[in-house]
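Student: Pasting in a structure now, in structure tokens, and then I'll have a few things to ask.
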Amino acid sequence: MASFRRFRLLSPLKPCVTFGRMLYTRIDKDGLTMLAGHLAYVSLLSLVPLITVIFALFAAFPMFAEISIKLKAFIFANFMPATGDIIQNYLEQFVANSNRMTVVGTCGLIVTALLLIYSVDSVLNIIWRSKIQRSLVFSFAVYWMVLTLGPILVGASMVISSYLLSLHWLAHARVDSMIDEILRVFPLLISWVSFWLLYSVVPTVRVPARDALIGALVAALLFELGKKGFAMYITLFPSYQLIYGVLAVIPILFLWVYWSWCIVLLGAEITVTLGEYRAERHHAKSVITQSPEM
């Protein structure tokens, strides 16, 4: 009787256990930590070129001049915890130095920035086991569109938001408190939408929208928790500052970028595993329904 009760208690957890096993097997087989390390290395190599290209695009549009300053502050405050101010100062110096580069050097910066997008594309298609390859021209067009239209769309959305916030009817106390709550969860929403687009658009196979939304939500929540946990770790255990001194920002930045890519790839693995788990359950049900006839 006790064993029967235990079975009834554990039976609702069985799907979760099965899914967890499938997810762990997939993560282990794909070598998630190695893929994250590869992307972290490429990200650090491409970070300055990518930021240079993005803010050069903002500089080309006068309407984005003020927004680019706000966007910088928003990115470093919400996506680079603990050492955002220091990293921002260094990156702004690097970007200022890159403005004196020649045409050949500028082309090299653009190619290096595109290298990061290509690496993300390759890694995600490895996770999805996709053998379909885009043509070189189509791939370049997609990468260039992401590199150029992405920042412009973000800037346009911030321009619209700033305009709406400046309207007089929003000065009401209740509306102000509502806006504060929305702004508090805004980084989470941006992460969720960004991850959803990443998991939906980048793979060369069809990805169910529901699976991509679930995987993106898990990744966004882990990313927000990771920011707080990482900031707490740097504050409470300042071992990097004690060992490296002024240069501590380098390993701290690398560690954060690596941790971020682990979260992004975990969300991708969850998205893929959801589809595989559903297919396996469908196959098991079809076998059970066919067995009495045999």
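Glycine too: its Cβ is placed from the backbone N, Cα and C atoms.
If you look up Swiss-Prot, you'll see 44-64, 67-87, 108-128, 136-156, 185-205, 212-232, 246-266 marked as transmembrane segment, on the strength of sequence analysis.
I'm curious about the neighbourhood of these features; can you describe it?
Tutor: A Cβ distance under 8 Å defines the sequence-distant neighbours of the transmembrane segment (108-128), meaning residues of its chain 6+ beyond its ends; these are 30, 35, 38-39, 42-43, 45-46, 48-50, 52-53, 98, 101, 139-140, 143-144, 146-147, 198-199, 202-205, 207, 265, 268-269, 272.
Outside the transmembrane segment (212-232), and at least 6 residues removed from its termini, the chain residues within Cβ reach (under 8 Å) are 78-79, 81-82, 187-188, 191-196, 198-200, 255-256, 259-260, 263-264, 266-271, 274.
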